[in-house]
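Participant: Annotated domain 'BPL/LPL catalytic' per Swiss-Prot: 54-238, in sequence order. Residues or ranges marked as substrate binding site in Swiss-Prot (evidence: sequence analysis): ARG92, GLY93, GLY94, GLN95, LEU96, THR97, TYR98, HIS99, ALA167, ILE168, GLY169, GLY180, ILE181, ALA182. Annotated site 'Lowers pKa of active site Cys' per Swiss-Prot: LYS164, in sequence order, evidence recorded as sequence analysis. The active site, acyl-thioester intermediate annotation in Swiss-Prot covers CYS198.
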Amino acid sequence: MINVSTSPRQTLDWTALKPADGSPAVEWRISDSPVPYPEAVATMEARAAAIAAGEATELVWLLEHPPLYTAGTSGHASDLLEERFPLFTTGRGGQLTYHGPGQRVAYVMLDLKRRRPDVRAYVAALEQWIIATLDAFNIRCERREDRVGVWVRRPDKGVGYEDKIAAIGVRLKRWVSLHGIAINVEPDLSHFKAIVPCGISDPRYGVTSLVDLGLPVVMTDVDIALRAAFENIFGETRAAAPAGI
């Protein structure tokens with residue numbers, strides 16, 4: 001099992017993540033109702049195990065959670081400032097973050113052994129996926145060497161100010177990826193104030209969303225952009241079956 005934390009890293013080549021020609025398309029599933037966190041993790045882990053065993057195809061699962069906080073493998077209890085919502089300890093890399101309505105979570109279950117067994121290149125590919133997705137809305141986002149996630153410069157707030165618009169936290173088991181990304185579309189940003197998001201306490205670095213930046217988008221718009229950008233980086237997708245994961 002491999003976890004990816006927020007330790008400093010070099011920007012790595014994210015290309016060559018597409019599978020070999022003739023590989024099955026990645027299933028693309030969207031849940032319309034909020035999914036409880038324990039249920040989502042159990043479902044994701046079962047599917048990842050089936051992928052590793054060659055019994056299921058790869059999957060991207062888009063969903064929202066009810067309001068909650070998660071602590072990754074580098075999380076610290078002191079980063080929870082207020083106990084507003086349930087806190088779940090999880091196996092992904094990273095520290096504390098908030099999930100809730102208005103945030104698009106994408107759980108990505110890919111067989112990196114078939115694609116490219118390079119965990120840091122995979123994280124860079126996830127960053128590029130987010131950057132390409134938000135570029136469809138004319139939002140210029142950037143990655144940072146010392147801060148995992150995707151950031152937007154905020155000169156309106158002051159020199160050197162940046163806000164995180166999307167978070168990344170992954171885990172690999174038998175080279176199958178678990179967890180994934182979270183893009184802030186229209187969440188209640190005040191809930192991030194109850195934690196030290198991703199362990200970053202510097203006041204120059206905050207949190208934003210598409211709507212906070214003045215874009216009148218809805219979740220469906222983001223889902224369409226996510227799928228198009230994903231296919232350019234990771235390969236073809238197909239709609240998942242109506243029932244089951």
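Including glycine, each Cβ sits where the backbone N, Cα and C put it.
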Participant: If I take the alpha carbons of LEU96 (substrate binding site) and LYS164 (site 'Lowers pKa of active site Cys'), what is the distance between them in whole Å?
Facilitator: 14
Participant: Summarise the model's confidence over the domain 'BPL/LPL catalytic' (54-238) as a mean pLDDT value.
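Facilitator: Here the mean pLDDT over the domain 'BPL/LPL catalytic' (54-238) amounts to 92.
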Participant: Give me the largest Cα to Cα distance among ARG92, GLY93, GLY94, GLN95, LEU96, THR97, TYR98, HIS99, ALA167, ILE168, GLY169, GLY180, ILE181, ALA182, the residues the record lists as binding substrate, in Å as a whole number.
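Facilitator: Comparing all Cα pairs, the maximum is 15 Å.
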Participant: Return the single residue from the binding-site residues list (GLY94, GLY169) that has the minimum number of other CB atoms within 10 Å.
Facilitator: GLY94
Participant: From the Cα of LYS164 (site 'Lowers pKa of active site Cys') across to the Cα of TYR98 (substrate binding site), what is the distance in angstrom?
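Facilitator: Distance between the two Cα atoms comes out at 12 Å.
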Participant: Quick one: pull the CA-CA distance for ILE181 (substrate binding site) versus LYS164 (site 'Lowers pKa of active site Cys'), whole Å only.
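Facilitator: A Cα-Cα distance of 12 Å.
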Participant: Given the binding-site residues LEU96, ALA167, ILE181, which one is most crowded in terms of C-beta atoms within 10 angstroms?
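Facilitator: Going through LEU96, ALA167, ILE181 one by one, the largest Cβ count within 10 Å is at ALA167.
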